[in-house]
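Chemist: Quick paste of what TrEMBL says about this protein:
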{"type": "REGION", "residues": "1-45", "note": "region 'Disordered'"}
{"type": "COMPBIAS", "residues": "25-45", "note": "compositional bias 'Polar residues'"}
{"type": "TRANSMEM", "residues": "51-73", "note": "transmembrane segment"}
{"type": "TRANSMEM", "residues": "85-105", "note": "transmembrane segment"}
{"type": "TRANSMEM", "residues": "126-145", "note": "transmembrane segment"}
{"type": "TRANSMEM", "residues": "151-172", "note": "transmembrane segment"}
{"type": "TRANSMEM", "residues": "179-197", "note": "transmembrane segment"}
{"type": "TRANSMEM", "residues": "212-233", "note": "transmembrane segment"}
{"type": "TRANSMEM", "residues": "254-271", "note": "transmembrane segment"}
{"type": "TRANSMEM", "residues": "291-316", "note": "transmembrane segment"}
{"type": "TRANSMEM", "residues": "323-341", "note": "transmembrane segment"}
{"type": "TRANSMEM", "residues": "347-367", "note": "transmembrane segment"}
Amino acid sequence: MADDDGSAGGGGGGSRREDEVQIQIAGSSKPETSCTRETPPQNSPTKHWHWWLMVILNIFFLIAGQTASTLLGRFYYNQGGNSKWMSTFVQTAGFPVLFIALYLFRSKSTEATTASSETSLTKMTLIYIVLGLIIAADDLMYSYGLLYLPVSTYSLICASQLAFNAVFSYFLNAQKFTALIFNSVILLTFSAALLGVDEDSQGTNGFSHGKYILGFVLTLGASATYSLILSLMQVTFEKVIKRETFSVVLNMQIYTALVATIASLIGLFASGEWKTLKGEMHAFGAGRLSYVMTLLWTAISWQIASVGVVGLIFVVSSLFSNVISTLALPIIPVFAVIFFHDKMDGVKIIAMLMAIWGFISYGYQLYVNDKKARKTSVSVE
């Protein structure tokens, strides 16, 4: 998970450095910075619009990547794919694509390069390994959930990540809640919950009730784990790395994904599922080429989503990143109707409208914070 972007690489010390950290890495446990994470930098109009551009870009990455990867994952299972470890593997295996972005957007500041010496290699390696292993376990749980649950039910349970993240953000990131944010959380959670209401009384994709329960529990656990990962990444950026460059965020995604990919490969061979892959490819309903392309684009889509996730954690907060993730969940059934001919009823339409309302509520809170910060900046000048 993306995933992103600070505006300036930074050295320097003293009060100027503290101001930059408060602007770019706000939301830390310090009271004076905990609420500024959701406020764009006010140094100049250029930086102000740069901040909003980064937010919008990461939102697009997250929603597009999450929607595409989920639909491709369902397509893989619908066409005869059955390897949970392969499904887990492709969720992180596309990380080499990020080296392109790392090269294109690498920091041109020599201070950003030398600043890495402040964080020991041993400490960062340990962080990458721990987060990578947690991500691998999380991806495996999601793979089971997507296999055993209908798409709408899967989306419903995934929406619980927002509630879990609210708890983790409060304890780990000192996230402050306003009435608008609370309203957004409630609306987005209920909108996604509505998606699974009618399907709970219907079939469960042809699987036994026991496997349905297993998928439910594992997806719920995956949602909680995912929320924990977001908060841990935010803590790492603020307390350990203490840098605000695009390359730092990409490095976080690349190296944790590398560890998760290695863990998934070990699981693939240890479970013996690798022996069935050749037969799975030949029996794939859409053909062998489609099998390969499905896995390839699933991997790429997951990395696009991951860039958006980590980017929003870095630019705004882990809570906002999770709000956008939850917003994408009601969108997925719309595409499921188009591609998989799922039934679209009134409940799903209402759920979508509630999700949009919740997103607008949170977006308005950002606007209010922005407006207050700009007034404060003008009065100080």
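Cβ coordinates are placed from backbone N, Cα and C, and glycine is handled just like the others.
Just so it is clear, the model here is predicted, and its values are computed rather than measured.
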Chemist: What else in the chain is close to the transmembrane segment (254-271), if you only count residues 6 or more beyond its ends and a Cβ gap under 8 Å?
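Modeler: Those are 1, 83, 85-86, 88-89, 91-95, 98-99, 102, 128-129, 131-133, 135-136, 139-140, 303, 306, in sequence order.
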Chemist: Answer yes if the transmembrane segment (126-145) and the transmembrane segment (323-341) have at least three CB pairs under 8 Å among residue pairs 6 or more apart in sequence, and no otherwise.
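Modeler: The answer is no, given that the two segments have fewer than 3 Cβ pairs within the 8 Å cut-off.
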Chemist: Are there at least 3 C-beta pairs under 8 angstroms linking the transmembrane segment (323-341) and the transmembrane segment (51-73), leaving out pairs fewer than 6 apart in sequence?
Modeler: yes
Chemist: The transmembrane segment (212-233) and the transmembrane segment (323-341): do they have three or more Cβ pairs under 8 Å, with pairs 6 or more apart in sequence?
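Modeler: These two stretches do not touch.
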Chemist: Need a quick answer: max count of Cβ pairs under 8 Å to the transmembrane segment (151-172), which of 85-105, 212-233, 291-316, 347-367 is it?
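Modeler: Against the transmembrane segment (151-172), the leading stretch is 212-233.
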